[in-house]
Amino acid sequence: MSARPAGAATEPVGPADGPVVPEMVPSHQHVDAPPPPGRRLAGAGVLAVAGLACILGWGLGAGERAEAGFRVAGDTGAFTLPVPGTPIALGVAVLLVAAWQAVRGFPRRWAPFVVAFAAVCFVVSFLCWAQSGAAGAGVDITRILRASVFLATPLILGALAGVLCERSGVVNVAIEGQMLLGAFAGAVGASLAASLGVGVVAAVVAGALMGVLLALFALKYRVDQVILGVVLNALALGLTGWAYEALLQRDPQRYNSPNGFLQPIAIPLLSDIPVLGPLLFNQNIIVYLMFALIVVVDVVLFRTRWGLRTRAVGEHPKAAATVGIRVLRVRWVNVIAGGALAGLAGAFLSIGTIGTFTDNMSAGKGFIALAAVIFGRWSPRGATAAALLFGFATALQQLVGTLQTPVPVPSSLLAMLPYLVTVFAVAGLVGRVRPPAASNQPYPAR
């Protein structure tokens, strides 16, 4: 057999006197793997519990009132829902979803929608039950949603700080301390300069300085990042507590009397839109900055070269270094930027809400933000959604305190609800979460 000359054309293979059969290119289709049986049944169990709670607790356990009132905004858009019919119907719908989850299972990409559907059914059923104890003005939907966004603002900013740090491979447990120091600096700066704008800048700078401390000890001296975060939180708590007693309480007129607090700024025309207007276009400047920062952080992380480098450093720093990425520089910038975001969250706590600083006013919000980072799978959008869930739970807790429920509900029971939802949702529906591979790993390795 003679060898084919170099460069000779390859003849198509086929019948000698028939048409050439074209090469068949197989088509590729995305097929979701079925969820593991254990996780599928666990998710079905969570949904079944929610459905039974709607039927037995909020439906059959309702009071004498036969309807629950809701208002879209103020006195407009009022409507009523029958009780116990509505909780029972919603509970049955959730049980049907639970049955489907047990038999077939939902694809992973459907999990957030399933969780959202069950949560909405549960909350609406609960609000119907809560209003069945006595007559009232009804629930203002716009008001509770606006309160949810307002209460979630420091959590969202703290969660964005955590996402930036952890995506680059640094665990930022010090979000709590950065918030607290930012709140202190915001109140003192606004008081001394008689300007709320100066207070906001001072809070951002204070948070960034805490970020510098975190980066210095975690990256240069390679201290364990979790232990370092706990130490920095204790440092911020002790420092602000001492300064509060030594300066702010002794001379509050000079050090702790900002010129009021940041007032809502209504955007003309847009603020008049029903529901969305008060929710998105009638907030203070820090809330507007929070809206913009959600978009900016998401775009930077997933649409820019810097974001690609950040994610590469967080997953495999050695591989990133081999292609010329300066690992420590990327981590330094992200940690300091995260500290600045947490400091802005602190400014919201002091001069964005009450116009003063109180001892330990962050009250664990930094740790809640860290939980939102994990629940949101280390993504800006997911962390924002998780923080909004926590904010809504707090707003719901405040609302139920004003309603005459058939059975008194302890506020502490409502406060623990979002954390239970987080545990069950992650374990049963969302699945196993994996942090960035190089998280809490020093570079270069010891």
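Using N, Cα and C of the backbone, Cβ positions are placed for all residues, glycine too.
Summarising the annotation, TrEMBL assigns region 'Disordered' to 1-36.
Residues 35, 83-88, 90-95, 97-99, 101-102, 105-106, 111, 114, 118, 121-122, 125-126, 128-129, 406-407, 424-425, 427-429 of the same chain, all 6+ positions outside the transmembrane segment (41-61), place their C-beta atoms under 8 angstroms from a C-beta of that stretch. Sequence annotations record features per position, and here TrEMBL assigns transmembrane segment to 41-61 (among others).
A Cβ distance under 8 Å defines the sequence-distant neighbours of the transmembrane segment (81-103), meaning residues of its chain 6+ beyond its ends; these are 40-41, 43-45, 47-48, 50-56, 58-60, 62, 65-68, 70, 114, 117-118, 121-122, 124-125, 128-129, 131-132. The transmembrane segment annotation in TrEMBL covers 81-103 (among others).
According to TrEMBL, the feature transmembrane segment maps to 110-132 (among others). When Cβ-Cβ distances below 8 Å are used as the criterion, the transmembrane segment (110-132) is approached by residues 43, 46-47, 50-51, 53-54, 57-59, 61-66, 68-70, 81, 83-84, 86-87, 90-91, 93-94, 97, 101, 138-139, 385, 389, 396, 400, 403, 405-406, 409, 421, 425, 429-431 of the same chain, each at least six residues removed from its ends.
The annotation transmembrane segment is assigned in TrEMBL to 144-165 (among others).
Look at TrEMBL and you will find 177-194 (among others) tagged as transmembrane segment.
Under 8 Å from some Cβ of the transmembrane segment (200-219) lie the Cβ atoms of residues 170, 172, 174, 177-179, 181-186, 188-190, 225, 228-229, 232, 236, 262, 285-286, 328, 331-332, 335-347, 350-351, 442-443, all in the same chain and six or more residues away from its ends. Positions annotated as transmembrane segment by TrEMBL: 200-219 (among others).
Sequence-remote contacts of a segment are chain residues at least 6 beyond its ends whose Cβ falls under 8 Å from one of its Cβ atoms, and for the transmembrane segment (226-244) they are 171-174, 176-178, 180-181, 183-184, 210, 213-214, 217-218, 357-360, 366, 440. The transmembrane segment feature in TrEMBL is assigned to 226-244 (among others).
As annotated by TrEMBL, transmembrane segment applies to 285-302 (among others).
Same-chain neighbours of the transmembrane segment (332-354): 153-155, 157-158, 160-162, 164-165, 167-168, 170, 172, 174-175, 178-187, 190, 196, 199-200, 202-212, 214-215, 218-219, 258, 261-262, 284, 286-287, 289, 293, 310, 361-362, 365-366, 369, counting only residues six or more beyond its ends whose CB sits under 8 Å from a CB of the stretch. Residues or ranges marked as transmembrane segment by TrEMBL: 332-354 (among others).
Residues or ranges marked as transmembrane segment in TrEMBL: 412-431 (among others).
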Chain residues in Cβ proximity to the transmembrane segment (144-165) (below 8 Å; excluding those fewer than six residues from its ends, i.e. six or more beyond):
171-172, 175, 178-179, 275, 278-280, 283, 286-287, 290, 293-294, 297, 301, 310, 334-335, 337-342, 344-346, 348-349, 352, 365-366, 368-370, 372-373, 376, 378-380, 383-384, 386-388, 390-392, 394-396, 398-399
